[in-house]
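According to TrEMBL:
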- 1-64: region 'Disordered' (REGION)
- 25-44: compositional bias 'Low complexity' (COMPBIAS)
- THR116, ASP195, GLU220, LYS250, ASP254: substrate binding site (BINDING)
- 255-416: domain 'S-adenosyl-L-homocysteine hydrolase NAD binding' (DOMAIN)
- GLY286, GLU287, VAL288, GLY289, LYS290, GLY291, GLU307, ASN410: NAD(+) binding site (BINDING)
Amino acid sequence: QQIQFADDMQEFTKFPTKTGRRSLSRSISQSSTDSYSSAASYTDSSDDEVSPREKQQTNSKGSSNFCVKNIKQAEFGRREIEIAEQDMSALISLRKRAQGEKPLAGAKIVGCTHITAQTAVLVETLCALGSQGYARAIPDPCIPMSRSRAVPRDAPVLPGVAVFAWKGESEDDFWWCIDRCVSVDGWQPNMILDDGGDLTHWVYKKYPSVFKKIRGIVEESVTGVHRLYQLSKAGKLCVPAMNVNDSVTKQKFDNLYCCRESILDGLKRTTDVMFGGKQVVVCGYGEVGKGCCAALKALGAIVYVTEIDPICALQACMDGFRVVKLSEVIRQVDVVITCTGNKNVVTREHLDRMKNSCIVCNMGHSNTEIDVTSLRTPELTWERVRSQVDHVIWPDGKRVVLLAEGRLLNLSCSTVPTFVLSITATTQALALIELYNAPEGRYKQDVYLLPKKMDEYVASLHLPSFDAHLTELTDDQAKYLGLNKNGPFKPNYY
């Protein structure tokens, strides 16, 4: 069965770049290794002290074109992938529907994202759809994947796919992994799948000739999208890019429902905290913040919200939350959660004023929301309590509980719901297919949004999991509303 969309020639809605958007102050030309990087610095004390970069490992086919913690865990990784596939039926359905057409035949995709079992299902789907990569002497399709931010477990091992990722990467390891995916003899990527903009930024700065030949970029995070708009505004974005983060199927599902469940999971696993009666401040009331606040409120926590956007602030007020400045409540709250996608949201001044045993964590995109660097000073003592949990001790004995060293709580300390990741992964796959197959001239050198028809198609693929049955418009009803009976049902600005 072929994939068909109504109005096949319809362009993605072009997102305005000159007005109506706030831009981050950080210039794209700054060093790619400064604090804006989303690489992790944490190393679990239980892990093997030998760096994977120093190990000589070979897979079952005799290839050493990868770098993971322990290739012997491949069988375990395969079982994890099989479990994930059970709750990613829509992505598997897309794989079955389109694999005969091979819409990604000839695509050479290099990616930088969270390496999990769910990501592995996406990668294997892209391979099944015809994407090609490098495997040196092995003629299998593959996608070089580096790692962005946190790896909950060791990277899944995928047959024929060059994976450079492991739990506990240092900053230097992170950029080394990215470079190994880009700088390959006899192989050059023509598509980028990114999460955070690190890969895009690295290729743009280090390999400009490669960047100019890229046919399209698919970016799924708010931070990475900001970077793309910065490039576009400066006139330096020489390839079309797809903003998956602001698609309905990412923003209103992954960001909201995923975080609504994983925030509690991460906090419970790391601290065993009881939420009833606890005072919590959530920085940011976007979709991530909304999910976190709803979950915490349901368990009886007293929740405050900080916001810069008056619209989001008004939403928080009408949802029953008090909107405050962080400085107004920092001395009294028991938990501080950041989810803005910005930098230095919680500063050293805030940390100094926190009460004893205050829990600090991040649910935003990168590891820059909490100024962890300012805590690495001689007068403060770091004490490892358990994996991903540190006590930062002040001279007077006050302790702040820092989770995952300020990186993403849900990916570092717990798991994320597989089903909602299927929605995002399916959207990413369709965005790659569209950009790769678009006729020359359809997309300019700019940033685009997904059309609502594609969002609705992604949603429809997931409805059978709930045995949901859509009501169909009659011809008279469709004429009355001015809609096509088959959609799209939402305007492009929704």
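Cβ atoms are placed via backbone N, Cα and C, with glycine included.
For GLU220 (substrate binding site), the same-chain residues 6+ apart in sequence whose C-beta sits under 8 angstroms from its C-beta are THR113, ASP194, ASP195, VAL244, ASN245, LYS250, THR424, GLN428. Neighbour density around each Cβ, counted as other Cβ atoms within 10 Å, peaks among the binding-site residues GLY286, GLY289, GLY291 at GLY289.
Put simply, ASP254 (substrate binding site) is 9 Å from GLU287 (NAD(+) binding site) when counted between their Cα atoms.
Residues listed for NAD(+), GLY286, GLU287, VAL288, GLY289, LYS290, GLY291, GLU307, ASN410, cover a largest CA to CA span of 22 Å. The Cβ neighbour count for VAL288 (NAD(+) binding site), using a 10 Å radius and every protein chain shown, is 28. Counting only the Cα atoms, the space from LYS290 (NAD(+) binding site) to ASP254 (substrate binding site) is about 12 angstrom.
Taking the Cα atom of each, GLU307 (NAD(+) binding site) and ASP254 (substrate binding site) are about 21 angstrom apart.
The two recorded residues THR116 (substrate binding site) and ASN410 (NAD(+) binding site) have their Cα atoms spaced 12 Å from each other. Under 8 Å, Cβ to Cβ, and six or more positions away along its own chain, ASP254 (substrate binding site) finds VAL420, LEU421, ILE423, THR424. Averaged across the domain 'S-adenosyl-L-homocysteine hydrolase NAD binding' (255-416), pLDDT in this predicted model comes to 95. Within 10 Å of the Cβ of ASN410 (NAD(+) binding site) there are 25 other Cβ atoms, across all protein chains.
Cβ neighbour count for GLU287 (NAD(+) binding site): 23 (other Cβ atoms within 10 Å of its Cβ, all protein chains included). Once Cβ contacts within 10 Å are tallied over all protein chains shown, the binding-site residues ASP195, GLU307 are led by ASP195.
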